[in-house]
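K.L.:
Annotations per TrEMBL:
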{"type": "COMPBIAS", "residues": "A:387-404", "note": "compositional bias 'Polar residues'"}
{"type": "REGION", "residues": "A:374-414", "note": "region 'Disordered'"}
{"type": "TRANSMEM", "residues": "A:12-34", "note": "transmembrane segment"}
{"type": "TRANSMEM", "residues": "A:80-98", "note": "transmembrane segment"}
{"type": "TRANSMEM", "residues": "A:129-153", "note": "transmembrane segment"}
{"type": "TRANSMEM", "residues": "A:160-178", "note": "transmembrane segment"}
{"type": "TRANSMEM", "residues": "A:208-228", "note": "transmembrane segment"}
{"type": "TRANSMEM", "residues": "A:259-277", "note": "transmembrane segment"}
{"type": "TRANSMEM", "residues": "A:297-320", "note": "transmembrane segment"}
{"type": "TRANSMEM", "residues": "A:332-349", "note": "transmembrane segment"}
Amino acid sequence: MMTSFLFRALDARAGIFLAIMAAAIILVPAANLLAPEGSAFHVPNYAVTLMGKYLTYALLALAVDLVWGYCGILSLGHAAFFALGGYAMGMYLMRQIGTRGVYGDPNLPDFMVFLNWQELPWYWYGFDMFWFAALMVLLVPGFLAFVFGWFAFRSRVTGVYLSIITQALTYALLLAFFRNDMGFGGNNGLTDFKDILGFDIQADTTRAGLFAASGVALVLCFIICRALTRSKLGKVLVAVRDAESRTRFLGYRVEHYKLFVWTLSAMMAGIAGALYVPQVGIINPGEFAPANSIEVVIWVAVGGRGTLVGAVLGAVLVNFAKTWFTGALPDIWLFALGGLFVFVTLFLPKGIVGTVSQGWTALRQRKVSAAYEAGSDVPPGAPPQSPGATANVSATKPNPTPSASAGAEPQPAE
Amino acid sequence: MSLLKSFFLLVGLMVCAASEPSFAQSGPEALRPLINGLAEGKYAETEKQIGALVATGDPAVAPALEALGEGDLYVRKSDGAVFIATKAGKGYALTDPLTLEQAGEAGRRDVSKIKVNNKLRRVLRSALGSLTLMAADPQVRMAAAEAIFKARDPDGIEALDAALAAETDDGVRKVMEEARAAAVLNSDLDEPQKLDAVQTLSVMGNRDALSLLIGVQSSAGGAVRDAATQAVTRIQKSIAAWDAAQNIWYGLSLGSVLLLAAIGLAITFGVMGVINMAHGEMVMIGAYVTFVVQELIRTSAPGLFDYSLFIALPLAFLTSGVIGVAIERGVIRWLYGRPLETLLATWGISLMLQQAVRSIFGPTNQEVGNPDWMSGAFEIGQMTITYNRMWIIVFAMLVFAGLMLVLKKTPFGLYTRAVTQNRRMAASMGIRTPWVDAMTFGLGSGIAGIAGVALSQIDNVSPNLGQGYIIDSFMVVVFGGVGNLWGTLVGAMTLGIVNKFLEPYAGAVLGKIFVLVFIILFIQKRPRGLFALKGRAVEA
């Protein structure tokens, strides 16, 4: 049962993706650690960290794609879950500092000593244990998403309204975490981490390990998402996206489906945040900024919403562009990003992956139909299914002139 | 009690001065020995000398006494002459204390400071107060009375009595009476006088009076204490009421800012179902138009500065409106039926507009001045009302009324309302919906532009100006409901007032968080806002 569930996740496109990921997970750390400095194969340390960061972003984009691309919930607040996961990890890393902080207090993190706090607030208990922090990375964003979604979906808040209140959510959290009394370091956030699970956080091996961990997390989440969206439940999600009322009238509890996928997505965002923090070495309230959440959405849009692989690709591409632009032409970056928003929504509504696979399908259909017209023995009917069947519903236009064979044969897309 | 004596002297002099002004004009040279006397001997002698100076009743001694209080009075060692000295280079620049003319310079070692202690400072303060109580300028008299109120010096009572007898200005008279009451309560006068004083302060009824009376409550006994207790409760009640009024005022002021920022958004959202994320940037552009207009006026026609806002208003409306129409024609019309994509595209536009402004004007805040009629403040009871906040409320109301008029009384408004209610039906009836869309978007953006003119008066004009308002305006629109301007008005004012009432208890940030959480919960209850459009659609 479980194997068939997971097996369904695999097809050609997913296979290519997984192969590339596996190669990256093995080769990048290897090239960083084994290849000697100066050799052509050596990957510098900063590049490992940078790519690790991209992978966590890709995981966040995957989470957004799951709710937006498959369920039609445009979240403008996913960075909130990302940051919450990051804070949970940050708290663990703060506790690991122990007496090595500036003030050397065995019990309190530096910022609390600085603010004259006498004892550890209750919500910091347990974060000195990794398993507890790891659990919180999942539970805190998951719980928040569950409560928020429970209210929002039950009262059928949809569309633009939902997008705006997700933004209000992350904005409220942003303001809250800026407060010093919250006990999360206020403006400065949590930083100055020393080690993770006993390994020095600055060491090359740790960094390579974190990269690999990010890659593995991404692969696992990808497989889960892939299996989920290709299951029956995934079909219902797509139905909710395309015709929510109709799905409800057919007897599906739409809000339950939405709530499930929403909470799952928030947990994935939390994992992404937790992997992000040790690699960049800081978490502060800036991560909650509404603009961040909106940027994630554009990664997904660029790659192609509703295509999982596209979300990953979009996140990596846009962030690579960002790194390059902000270094080379800092003034141009916002123009480029803004232009990307406009260009993608106007001209690439399916994103890169969606558009490419649509073109691919069209090409194959044309071949098939050409062969059919030439009188070869390809049986009519059964149009070739593309992997992203949902993405190209509109690609197969209804036949303008009714044909004799009941219109079942594929039509070449213009 | 030498000081008291000198006050009696002074009072006598002042009464004479009131009847015969020429008496006190003794000329600078007659005063000089007294001034020079300040430098002789110890504190006690200086105090005596101050008394003698005050006794002359000549306002010309005031600068010297002021300088003494501030430690700027020096004596020249060679001849014992006294000067007001300010540091200049390695030495001091000397000023004659009576004529206030330049009197050359002196080396650091040639002069020595006349020292004062706290007791002398107190003496000086009340001495200056009584000196200026009789000044010709009512503002100076007012300031003097206020100084005595703060010092609460019982020695000032006689001077005040004399001044009260001669006072003609009612406003100054009131302040003097209050100052007298404050001084009486600090003196060892008998009970009936003190009860009168408590009464006066109780009528005065502000925070100063309150803190004074609380002091009396703890120090005095018997009837005075009871009277003070009563007065304190009374004042506390009235202050609480005034505080509430002040909060409502602040709330209205914040609400009208929100209204200005949100009203354009509400129209476009209502008509087109489109969230314009670049709306905040339209506000920002309006503010920058004001800046440019003011710069042009500064360089070419400084006399027009007071009218700069009136010039900026139509220009801001046009600039933002034209940009709005361009956005609608260029981007949004291709995205109909895809509200979420529109949201992303307009967000992209907002990023580009921000960066464009940053590239042209630089990332720093720009200086936008307030015209004269917008600066300053006046007081009603215990409330301070600044002119710029007041005008913004008035302006927001005018914009609201104007917009209402446009929507209710013009053909364009009729079309707009028709499209808001039922787009397809309106199109079937021959309304050119694309034209209505473009014009509505232009109108909404234009209003954002004039909101920017108003906001430039109270906020920093920077490329990020719009970002600060965008989320708040969304909240207003979502809270008030779309397609109904009254909803926007009620939403903006409610959020403004609630915010300001939460602030004193929870702090500004926590108050804002509460409001956001409240809206998130509110949306659950009424997913289409406070004033939802009635209709039969299953899904909007």
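Heads up, the Cβ atoms here are built off N, Cα and C, so glycines get one too.
Caution: TrEMBL annotation is automatic and unverified by curators.
Describe the structural surroundings of these features, if you would.
P.N.:
For the transmembrane segment (A:12-34), the residues of the chain that approach it from at least six positions outside its boundaries are 41-45, 47-48, 51, 204-205, 207-209, 211-212, 215-216, 218-219, 222-223, 226, 309, 312, 357, 387-388, judged by C-beta separation under 8 angstroms.
The list of residues near the transmembrane segment (A:160-178) in space but at least 6 beyond its ends in sequence, with Cβ under 8 angstroms from a Cβ of it, reads 73-80, 83-84, 87, 148, 152, 184, 186-187, 189, 285, 288-290, 293.
Here the transmembrane segment (A:208-228) has long-range neighbours at 5-6, 8-10, 14, 17-18, 21-22, 24-25, 28-29, 32-33, 48-49, 51-52, 55-56, 58-59, 62-63, 65-66, 196, 199, 234, 261, 264, 268, 271-272, 275, 278-279, 308, 312, meaning same-chain residues at least 6 beyond its ends whose C-beta is under 8 angstroms from one of its own.
Long-range contacts of the transmembrane segment (A:259-277) within the same chain: residues 52-53, 55-57, 59-60, 62-64, 66-67, 70-71, 73, 75, 78-79, 81-90, 93, 134, 137-138, 140-142, 144-146, 149-150, 153, 190, 210, 213-214, 217, 221, 225, 228, 237, 283, 287, each at least 6 residues beyond the stretch ends and with a Cβ under 8 Å from a Cβ of the stretch.
Long-range contacts of the transmembrane segment (A:297-320) within the same chain, counting only residues at least 6 positions beyond its ends with a Cβ under 8 Å from a Cβ of the stretch, are 13-14, 17, 53-55, 57-58, 60-62, 64-66, 68-70, 74-76, 218, 222, 225-226, 229, 337, 340-341, 344-345, 348, 350-355, 357, 388, 390-391.
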K.L.:
Please check if the transmembrane segment (A:129-153) comes into contact with the transmembrane segment (A:80-98), where contact means 3 or more CB pairs closer than 8 Å and the residues in each pair are separated by 6 or more positions.
P.N.:
yes
K.L.:
State the residues, same chain only, that lie 6 or more residues beyond the ends of the transmembrane segment (A:332-349) and have a CB under 8 A from a CB inside it; answer 'none' if no residue qualifies.
P.N.:
295, 298, 301-302, 318, 321-322, 325-326, 355
